[in-house]
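Copied over from TrEMBL:
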- 18-84: domain 'HMA' (DOMAIN)
- 90-156: domain 'HMA' (DOMAIN)
- 162-228: domain 'HMA' (DOMAIN)
- 1-23: region 'Disordered' (REGION)
- 258-278: transmembrane segment (TRANSMEM)
- 290-309: transmembrane segment (TRANSMEM)
- 499-519: transmembrane segment (TRANSMEM)
- 531-555: transmembrane segment (TRANSMEM)
- 873-892: transmembrane segment (TRANSMEM)
Amino acid sequence: MRKESNRDSSSSDGGPLEPVTFEVPEMDCPSCAEKITKSVTSLSGIQTVEPRVMSGVVSVTYDPGRTNQAAITDRIEAAGYTVRSNEELDSASFSVPGMDCPSCARKVTSSVERLSGIRTVEPEVTSGTVHVEYESSETSPEQIQKRIEVAGYSVATRQNERTDTFDVPGMDCASCAGRIDNALEGRDGVLTFDTQPTTGTVTVSYDPDRLPQQAIIEVIEGAGYPVEGTRTEGADEGGARPRDDPSAVWRSTRAVKVYTGGLFLALGLAVEFLIPALDVTLVSAVGQEFVLAELLYLIGIVAGGERIIRNGYYSARNVSLDIDLLMSLGILGAVAASLLFGEPLYFEGGTLAVLFSVAQLMERYSMGQARSSLTELMELAPETATVRRDDGEVTLHVDDIAIGDVVTVRPGEKIPMDGEVLDGESAVNQAPITGESVPIDKTTGDDVYAGTINEEGYLEVRVTATAADNTIARIVKLVEDAQREKTEHERFVDRFASYYTPVVVTAAVALVFVQPLVFGATWRTGFVQGLTLLVLACPCAMVISTPVTVVSGVTSAAKNGVLIKSGPDLEAVGGVDVVAIDKTGTLTKGELTVTDVIPLGSAGRDAVLRRAGRVEARSEHPIAEAIVEAADGGVTSDQPVESFESVTGKGVTGVVDGETYYVGKPGLFEELGFDLTHVHVATDGGAAMEGHQCEHGAYLDLVDDAIPRLQQEGKTVVFVGTEDRLDGIIAVADEVRPGARRAIERLHANGIERVVMLTGDNEGTARAIADQVGIDEYRAELLPDDKVAVVEELVEEYDGVAMVGDGINDAPALATATVGIAMGAAGTDTALETADIALMGDDLTKLPYLYGLSGTATSVIQQNIWASLGVKALLAIGVPFGLVNVIVAVVVGDMGMSIGVTANAMRLSRLKPDRFL
């Protein structure tokens, strides 16, 4: 099992919840996962259980005060599964920009898995990243990097790697450099270093999570050499992160070689068909005579196909039957057939080399476009910040800013760190985080997030999270990780591709012999048609169709304030039939406000509020806060209230200006001797005290009519008075969020069958809110465990159930649903961890957008899969009849489909919430 380092939640007693991961290799199906989940959740103290079948691990969050890891292990084993001990299991992530297709990913995976101690290898084509879990006692990140390079791919950086250059003028000889080398050698967190005495610089690549920049400075200065300056690799003056330009692929060395190859092919064609007089024999070798056109074709093969053949060599070394190996065999086969059979196929070989290289460049460009959406998220937060110090202000890299530091933010600047406003007032545009279109007013004590924009005023912000752990960093990390868990469509494609390629390769080889031996065609025809079919054996477009769609959809959602944690979650939302939604804090604002004040007798409205507010100012109850706020400044906590007392469950009492007042439930006044059935409220909206005149038809009975009417509207009734008179009643309610009714209407319009509201409130309040927002069904007076039971009931009845809550109090119910959606998750670690999907703001209208995005994404995935399959099938059928040549196979079947599925997937990035409202 692996213990996680982050503790984001709190246990019931206020202590931290402990996350831990168990490796369960035998858990290889959804049924296994369900069995383990039920067994573990039977333990008390379990917060969440997340089995991941694809990686064979179970992640559990638990309360260490109520259970422990040994007990959890016992429950997993009681379900019939063995927990593998992995105390030394570690992980590393590598940036591999050249890994831009499924074939590349398989090659890297195959190479890395040859190392002993490797547990999992998870390549992400869309981000060019490889995640590896390994046993640190058997291998290391350096060895893993070598295996990636053996597969033919360069490792740019490891995640969490930073490279800084330190100016050390005193290091001016080899001996000085040696002392610094010795000081840095073996230092935990240092990945690589390079000392240059001639320039007086030390360049260090390191993991800032394990070793801060200041620690490296101390190491160098500890060797006796002062550091006079630092520079971070890739940081410009504005602090922006370097952004890869997808179009740079067309200016790369490989692109130049491909252009050269294409030029020589064109020259060869010109010589062969337009200037045949020049097409004379120039060279005799290996028993063959080569005319000028053939030599030009051969140069085109070498220039255009060098990278393909090189990659094919690495594929052969790793015993990987991928497209690079197939194309290499095709190109070399064309040359070999020309030499052996005397049938010149140099042009066909050159055409294959150049066109397939163009296809790979185009694929890399398309993938770069997809990756740029992730880069945009990373660029939201600035890389430097202005930090206030005793002696003034300094500009620091955000990685070097600590919790508790104070950063200053001027109008128009991006807020660099998560924090709390220490001084100043401003409107802050939170759209990059929450998707809210209207700037939010911020003042002292309010939370702000890195990447949001300070619109107007000057702010001083006390930092509450490091750059590596702020809200935007967690969003980026979760978006990058969203593609690691494969969707059902992706697993289907992987299974299909594992059969597709061998079958098509076999058919291609068979075609080479069947055409001449059975149908009497020439060997040249058989070979060319086999070569064409070989091109169609590449399943890249089909394999990449799902992950590129997931990345596009998840990134688009993140930009609009919706955080989707995995591809399966994105897919699952579209299959939801029922939405269960918590009332308090979700459908409603979760903040009580005074809605009605009904004076009784001679007291006026303001007097009733003021008297109640004076007493309630000493209470911390939410109802008290609402009444005090409604008193509109007429009440302050320092106004004298004598003999204040809280009557548990009923109300409060206190002496104000020499008179004892009571504020509370009707039951409190019944205990004082009041007969509430003889109190009346005028039907014209006014109020009167009519003594015992119950027969007056012009008045409503307070107990039987007025109070129930208010309660039916979802309001809580509070009485205000003394021991011998009632001054009035105050109604308090939790206001429904703006847009709640519209959101429910759109969910119904988009195909949701039922929306069920869950609440702990009474029947009357629940009915009132349900009627107000258009809820189909409500369940009232529920305890937290009851909510879980209701969700379980819905899951059994329907195929897909979404639970929407705050992500904290509703965590068990969220975990029980098919999809758990937490609302208002910005800055809430627990919500980000426990929910499958998080709405970063409090906007319920994001629910229809989420549902629509999921449906569109699923549709795009299906379009991509079946389009790529259909096109390749049609082309394959046309090959034996001579209707499809190599050029068509490459341009349409390979390059065209790769571009097509990527472009189709990128449509999701243009979807906006307004479209679904």
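Cβ atoms here come from the backbone N, Cα and C positions, even for glycine.
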Cβ contacts the transmembrane segment (873-892)/the transmembrane segment (258-278), at least three under 8 Å, sequence gap 6 or more: no
Spatial neighbours of the transmembrane segment (290-309) far in sequence, C-beta under 8 Å, 6+ residues away: 254, 257-258, 260-265, 267-269, 271-272, 278-284, 324, 327-328, 331-332, 335, 344, 346-347, 349-350, 352-354, 356-357, 360
Same-chain residues near the transmembrane segment (258-278), Cβ under 8 Å, at least 6 residues beyond its ends: 292-294, 296-297, 299-305, 346-347, 350-351, 353-354, 357-358, 361
Taken over the domain 'HMA' (18-84), the model's mean pLDDT: 81
Residues of the domain 'HMA' (18-84) by DSSP state, where helix covers H, G and I: 22 helix, 20 strand, 25 coil
